[in-house]
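Student: I have a structure here, written as structure tokens, and I will follow up with some questions on it.
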Amino acid sequence: TQLAEYIPGDDCVFRRERIKNSQLFRPDICALCVCREGTVQCQRFMCKVPNCTASRIYYRPDLCCPLCLDRDPLPCTYQNREYKHGESWSVNSCTKCSCSNSQINCTTTQCPFERGCPRGYRMIPASRGQCCHTCKEYEATCTVYGDPHYQTFDGRQYNFQGSCKYILTKTCGR
């Protein structure tokens, strides 16, 4: 919701990215999209079913529609291990690879908060098997007890008495 505050009326937001009005973009190899006055409109390409056996169907990473191979697809070798055509594996929690007719295609997840969390949030490290850390809003308590004991949101203790009026909490303007 915060991102929407900064987007001019005719521009769009797609997967947390700002897209200018009338701008064409491809979210994947099989779709073409355009931003039209604040609305993203996409059209997916339709592919014919290839006229060959399933074992000879081949997907090139740079093409949307599958092709037929003249011969059986070839395996891939990655770090001295052989993978069959169509097989996928994880290099680590952020990188996944697949074998497509001797071609290795790897994709690495881009974490949304690589440079740290926004103000008012704390980082939760990625647990085993997860790629990205997450950001969680800080939870804090401000306490007044007895007279004159105060504990602030950040845990600091103050002890004082006075005849002045004090503001304990207040909503900050944005």
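Note that Cβ sites are derived from N, Cα and C of the backbone, with glycine treated the same way.
Bear in mind that TrEMBL entries carry predicted annotations, made automatically and left uncurated.
According to TrEMBL:
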- 10-69: domain 'VWFC' (DOMAIN)
- 74-136: domain 'VWFC' (DOMAIN)
- 140-174: domain 'VWFD' (DOMAIN)
Student: Taking DSSP states H, G and I as helix and E and B as strand, how many residues of the domain 'VWFC' (10-69) are helix, strand and coil?
Tutor: 3 helix, 24 strand, 33 coil
Student: Using DSSP, how many residues in the domain 'VWFD' (140-174) fall into helix, strand and coil?
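Tutor: Across the domain 'VWFD' (140-174), DSSP assigns the residues as follows: 0 helix, 9 strand, 26 coil.
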Student: Express the predicted model's confidence over the domain 'VWFD' (140-174) as a mean pLDDT, rounded to an integer.
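Tutor: That region's mean pLDDT is 79.
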